[in-house]
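J.: For reference, the structure I am asking about is given below.
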Amino acid sequence: MSFEWIKIPYALLTLFIVANYGFLLTAVMAKIAARVGRRHGIPVWQNYVDLIKNYGLRSSITHGVMFYLGPVFRLTGGVGLLMFVPTIYGTEMFSNMSFAGDLILALYFVFFGSLGMALGAGESGHPHSAIGVTRGLSQVTAAELPFALAVYAVAVQYQTLSVTEIVAAQQGGILHWTLFSNPLAVAAAMLSFLGTMMRPPFDVVLAPQEIPIGPPTEYHSSYLALMQTNRAIFPIAKIVIYMNLFFGGAASWPVFFLKVFLIYLVSVIVGVVFPRFRVEQSIRWFLIWAVPLGIAAILMV
Amino acid sequence: MKDDFPTPPVRDELKKRVVETPDGQTIEIDPLRDYYCQSAPTVMPAAYSKIVEGLFNWARAESLWILGFGTGCGAIEMRPLMTPRFDAYRYGIQWRPTPRQSNLFVISGYLSVKTLKRVIRSYEQMPNPKYVVGLGSCTINGGMYFDSYNTITRLDQYLPVDVYIAGCMPRPEALLAGFEELKRIIRAGKAEGANQYAEQFDWYKANQKRVIHDWDMPDYNW
Amino acid sequence: MRDLYDRLKTAFPLGELTEQRPDLAFVTVAKEQLRSLLLHLRDQEGFTHLVLLTAVDWLEEGNFQLTYLMNNRLACRDLGVRVMLPRDPASMDSIHDLWPTAATYQRELREMFGIDFPGSPRVDEDFILEGWIRTPPYRRDFDTLKFSDEVFAPRPGRASSDPTEFMKQQLYPDKT
């Protein structure tokens, strides 16, 4: 298998599109949540303004090497996830660096950002960061369990670890989607999806309204801007995986935008309806409701 | 009781002490010197290009992140700003829980000497282009606490203030108008409070130390 | 309240009874009798709750007046026990072993009035003022306005007016 260099600019183009779509989509989702509260909410370009402002801050303070690397790792988690998963099915341009075993790698990247964050926030030495990291890691771990189970169920069902082949198996009509061929796995994965999107009811870890904001307590200026970029890219990259595994993938950009929007909307709707869980409540919730579903999905296959 | 002025004792956790590290070494720790950065603030120049600085100033004006620190009773007037009726988020105004991420400090109402100490620490931890809004008459001339023994009467003696919002209390509408005024000042590039603080650092520090007697923190804390 | 007063009178040398309301009265007691009176009230008469402990500065007479306000939950009655202290040096026995909450009140009185309570826990630590080095601020010989003008560098140009006169001027400017 020879590596084609043209893949790199193509992948960067994907990244550019996804990042901008992410910025706009997060703002639109914030607006939707605000409309539920009968507010007008932030303007759709607010994320860009915040980004420019954070890059424009004149002073920045570091606490050591890992403090630099924390946001970088976090961004790597988002970008890496996106890079190794085919964004648009069936096009050479936007298949990125996908290869035969990419599903396992994707699972790894989902977790990578949180770990990098833990290292960086630990170095900042702020007690709120340490608390936030502990709570965040335990919650993400609990939330990832059902997703991992669901992914194995899907992998066993299609007898492959390649995302591209899984998408290919789902083509040919809405009833071929995993959503209908293996509903249990999809249910488990969607519950886990709620947990890892960092929206209510599972966002107590780094909600800006909470007094300890969590891991990013000490992060500011450019570091924070990097993390904001990741906050735009990472959910989209994650949704791309879900879309590919369970909802038949996307064969063109309009379909991609629509599906990502709808999947994102699921977590927003749940978020505006339900109040926040505490961390131990959410862990218990995942273990009681989501994990058995995932196990059942594997058994069914 | 006479007016003799002894120096208040240093708190225990700030005294010099000898500590044994987990790997068996014995080290001496002077918390005030070792745990904090002691360098004074410096004047930070604007971006080299006028266009870039203009863009940055526009972004700073449109994205005011308020430090969520209610220093006095006026903080109660900031809560309605988040509600559907006033909805300050429309104007790019948000509340952040940590000084590292915020660039606007709203001194809400009267400021007691004890709170002033915390305010100074929080203010100094905010990253450079930072703005201070004095909310209510108390920050202007003391308001109804003009003769109190523990509230300061003029905020601009201790921190560089960009905008004052008069009233006791000012309504949320007045606050929004004040924020719009602040935005105009920032866009015009005149809100250089942080640099002013750095330039006249000695004057501000002397004023602060005149009212805060038990100064148990370093002179400048990042 | 009168019956309670008569009962107490047999055991303790009390001053006059001041009846504020049917369920609220004040008596004065000497400094030495205070502790036994409070114990008696708490254990025998059902005044189990110490509502507050506060002080009044009688500058002209050179006295501090301490008021221990006690509440009888079952009978819904309050009794205030007053003690007069010499103003300089002001010192009083601590009652933190009768009610632990009293320790906090005593810390406050120590800081704000300069009344000493030897033996009360943490009584010499700062309570709400940090690093206060002058006369305790609630003493009436402490001039807060003068202090504020000296220390806080007031903004010039402040004027105050009598509200009654001012509103008269605003509403009826033609009538003097």
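Using the three backbone atoms N, Cα and C, a Cβ is placed for every residue, glycine included.
A TrEMBL annotation is a machine prediction, not a hand-curated record.
The transmembrane segment feature in TrEMBL is assigned to A:6-30, A:65-85, A:97-121, A:133-154, A:174-194, A:232-250, A:256-275, A:282-300.
On this model, are these features tucked inside or out on the surface, and what's nearby?
T.: Using a Cβ-Cβ cut-off under 8 Å and counting only residues 6 or more beyond its ends in the same chain, the transmembrane segment (A:6-30) has close neighbours at 41-48, 51, 79, 82-83, 87, 92-94, 96-97, 229, 231-233, 235-237, 240, 253, 257, 260-261, 264-265, 268.
With a cut-off of 8 Å between Cβ atoms, the residues of this chain six or more beyond the transmembrane segment (A:65-85) that come close are 11, 14-15, 18, 96-99, 102, 105-106, 109-117, 119-124, 163, 218-219, 223-224, 226-227, 229-230, 233-234, 236-238, 240-241, 244.
Only residues 6 or more beyond the boundaries of the transmembrane segment (A:282-300), in the same chain, are considered here, and those with a CB under 8 A from a CB of the stretch are 138-139, 142-143, 145-150, 152-153, 156, 182, 184-185, 187-189, 191-192, 195, 201-202, 204.
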J.: Need a quick answer: max count of Cβ pairs under 8 Å to the transmembrane segment (A:256-275), which of A:133-154, A:174-194, A:232-250 is it?
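T.: Counting Cβ pairs under 8 Å, the winner is A:232-250.
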